[in-house]
Amino acid sequence: MAAPKVAVVGAGVIGLSTALCITETCPSCSVTVLSDQFSPNTTSDVAAGMLIPHTYPGTPIHVQKQWFKETFTFLFAISNSPEASEAGIHLVSGWQVFKNTPKKELPFWSDVVLGFRPMSEGELQKFPEHRFGQAFTTLKCDCPPYLLWLEKRLKAAGVQMHTRKVTDLWDLHSEYNVVVNCAGIGAHQLVGDEKLFPVRGQVLKVHAPWVKNFIRDGDGLAYIYPGIHRVTLGGTREKGSWSLSPDPGTTKDIFDRCCSLEPSLRGAQDIKVKVGLRPSRHCVRLQREVLSRGGVKLLVVHNYGHGAGGFSVQRGTAKEAARLVGECIATLPGSSSRAKL
């Protein structure tokens, strides 16, 4: 049979990672990425890109840990390579601090990040309002460079990229054998997913090159994540808000909260405000579906709904989506891979 044609809808970190995994696991496929927005205009471009997992209540913890471990291993290898600076990936050490000791002192991901330990009394003196803390080293992706690096890898593998707004997956049935839905918050309208909702995030990107350590308040409402060129200050978690307009009051609130954790930020320069809508669900939608009209079928794989945790599980969920694409291809008439699966 001719090379199976696969369309990946969405060009954020999940869409590009999934397309890359498909090219690696199904090299005979012809893969195309379709999106109305590419970097630097995706939700992923706003993200801080820190590998600190978000917890999905509807997904077993061992599955989430596997996704995170696969992602950490993949990005750690890049951080240890000559491509690290182009890909925008680097190790960063720091602290997660709590005003009250959490019920679970060891998060499920504590043995995946590097050097996880309780903070010492001396370290806690830096945070007089906090009583408990954890120190560790993790990875950070500087988002626009990382997305451009993924695009470069995809183009080198022969993947086509087209700017196209897909409003109905069925519109692709005559052109592609399998469609992969990585539309993020766009899936709310694209597939009518009422379980998907936006969690609005407003962040500041500032010039403060003296800030070298990350600091995250355990409640997730204040965080300081140093990148290669800029420091991301956050944030907000506004469930159900679709507004992409920056709010000046929120900007001041974020800045004040972060300065209470790191007073030296009062000297930060060149403050830029960014807003993104996290595509949130009770659990990531990672499954196969067959759409059917008038006896004609379209094979679909969904991979969306990562909320605040997309960068932390990108590779793990992309590998699973690529495996599901392989299963779809094995069912196509005349498929040579049917016998293997």
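Count begins at 1; order follows the chain as displayed.
Placement of Cβ uses the backbone N, Cα and C atoms for every residue, glycine included.
Noted in TrEMBL for the protein shown:
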BINDING   Thr43, Ser44, Val166  FAD binding site
BINDING   Tyr223, Arg278  D-dopa binding site
DOMAIN    5-324  domain 'FAD dependent oxidoreductase'
SIGNAL    1-19  signal peptide
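Structure coloured by features recorded in TrEMBL.
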residue: Thr43; record: FAD binding site; CB count, 10 Å: 24
residue: Ser44; record: FAD binding site; CB count, 10 Å: 30
residue: Val166; record: FAD binding site; CB count, 10 Å: 19
residue: Tyr223; record: D-dopa binding site; CB count, 10 Å: 23
residue: Arg278; record: D-dopa binding site; CB count, 10 Å: 24
**OP:** Measure from the CA atom of Val166 (FAD binding site) to the CA atom of Tyr223 (D-dopa binding site) and give the result in Å, rounded to a whole number.
**Re:** 35
Original post:
What is the maximum Cα to Cα distance, in Å and rounded to a whole number, among the residues Thr43, Ser44, Val166 annotated as binding FAD?
Top reply: 19
**OP:** Can you grab the distance from Val166 (FAD binding site) over to Arg278 (D-dopa binding site)? Cα atoms, rounded to a whole Å.
**Re:** 20
Original post:
Between Thr43 (FAD binding site) and Arg278 (D-dopa binding site), what is the CA-CA distance rounded to a whole number of Å?
Top reply: 7
Original post:
Cα distance, Ser44 (FAD binding site) to Arg278 (D-dopa binding site), nearest Å?
Top reply: 9
